Structures are given as C-alpha cells and as structure tokens.
Amino acid sequence: MNSEEQYYAATQLYKDPCAFQRGPVPEFSANPPACLYMGRQPPPPPPPQFAGSLGTLEQGSPPDISPYEVPPLADDPAGAHLHHHLPAQLGLAHPPPGPFPNGTETGGLEEPSRVHLPFPWMKSTKAHAWKSQWAGGAYAAEPEENKRTRTAYTRAQLLELEKEFLFNKYISRPRRVELAVMLNLTERHIKIWFQNRRMKWKKEEDKKRSSGTTSGGGGGEEPEQDCAVTSGEELLALPPPPPPGGAVPSGVPAAAREGRLPSGLSASPQPSSIAPLRPQEPR
C-alpha cells in the first residue's frame, strides 16, 4: 500500500497538457462513471527509478501555469485510471515542453516568416517581378533586377532592319526568324522594333500631309491672280466685235482683223489728221 499511496501522491505533480492552452477552461467532472472502470485492476507499482524522476518533475515543471489541478486520486480510485494510458510521460526526466516555454520560440517563428514568404509573388508589387522568382529555386532577386532593360541595337543591326523596313512595312514570320538568326536577336526584339518603326513612319507621314496642305492652301492664291491678269490682257488684245452689217471699217488694220494686234496697241480706229483724197473726176 505504501507504493500505491506514493504513486497516487506523485500523480498530483503531473500537469495536464491542456493547462498550457490559453482561454477559458470548460467545467467538467473529473469523475467518470463507475461503470466504465468496473472490473479493471489498479496499475502495477512503478519501478524503483520513479522516485528520482519525481524530483526532476518537481524541479522542471513550470510553476503556476495550469488554471486547475487534478484532484487527488487517493480519495477516488476511479480517477486514477484517467492517466493509465500515459505511462511514458510519467517516466520522462523532463516535463513535456509547452508551445512557448520561455518566450524565445515566438520570436524565432516570427523572424523566418518575415524573411521567407510562402509565395514569392506576395512580396513584390513591381511589374515583371515574376521572372526572377524561380531562378535557382529561391527568391533572392533585388528590386533593380526587376526593371526591364532597354535593348541597344548596333549599327549593323539597325542598318539591316532599316533596309528590311524600306521594302516591307510588315514583316512575315519566316523572314523574322531569318533576321533573328542573322542579326543575333530574338523574334520578339524584331517584332517590337518593327512596331515602333511603323508608328514613327505614320507620324512622319501625317506631318508631311499637314505641311503639304498648309503650303498648298497658301500657294493656290497666286495662280488665281495670274489667271485674272492673263485673262484681262487677253480681253484687251481681242479685236472689237464686227458691226452688225458685217462690214469692217476701213480704218481697222488687217492685223487687228485677224486678232494679231500687239497688246500695246488698241484695236479701235484712230482718227487720221490727213484729209481723205477726193475721187478724181473722169475727163
């Protein structure tokens, strides 16, 4: 009986693992119904080294953590069978460690979560950051590496591209592959270059059209003035209309009649200071 009493007294030092959980503890009865344990015999006495482990349990157990204690099992033998399925925990040299015994594991858990995120795309908000998340299986890209670098074309590459654009404003897929191999570029580089070059060409064409429309509107007035002057000179050079009888006055020269009178001369008959000769009378 001494060994059994020592065993029952030692179980009071054991702290239930549920005691380390935070929050209110529901009220429950520690005494199970007697029908569950009828016919069961009490466990055998512990081995001799159990006394040494009790001292270790008493020294290493955290003080005043559990909100309640297991009631003494000596008064109720049925409650002693609650822990008969945990013989290994009673024989441990140290008590079961709590989730955060000394407050040191909390900081250790928070620091890795700040450094290593479960998904790399959750850390960066810049564009094109997904390219470097699988490099080497680890996400160690700097913010500077996420920026897209501008492609620098050489003179030989630009010359070949300009020559191709001179003949074809839109490049086909086979020709694009051929140029990519010849110029040591990617198809994407050539495609983007042709897109930018077409936009530049369209802007130049629009500028030429707008400048041509402005110059054409200003120069269109001069031909109208020339036409007006020319038409006036032609009107002055034209001979006067013939009389209704069809007879042409004798004072009008033949050049005026044919319409070949110079512009400085008038087609109207000029009064002559010489008196007309009288017709000679027949003798």
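Cβ from N, Cα, C; glycine included.
On a predicted model such as this, the values are computed, not experimentally measured, just so you know.
The region 'Transactivation domain' feature in Swiss-Prot is assigned to 13-73.
What Swiss-Prot records for 36-81 (among others) is region 'Disordered'.
What Swiss-Prot lists as motif 'Antp-type hexapeptide' is 118-123.
Taken from Swiss-Prot, the feature phosphothreonine applies to T151. Within 10 Å of the C-beta of T151 (phosphothreonine) we count 12 further C-beta atoms, all protein chains included.
Per Swiss-Prot, the feature region 'Disordered' maps to 201-283 (among others).
Positions annotated as compositional bias 'Low complexity' by Swiss-Prot: 247-256.
The phosphoserine feature in Swiss-Prot is assigned to S268.
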Exercise for review: Reduce the DSSP letter at T151 (phosphothreonine) to three states and note it down.
Suggested key: coil
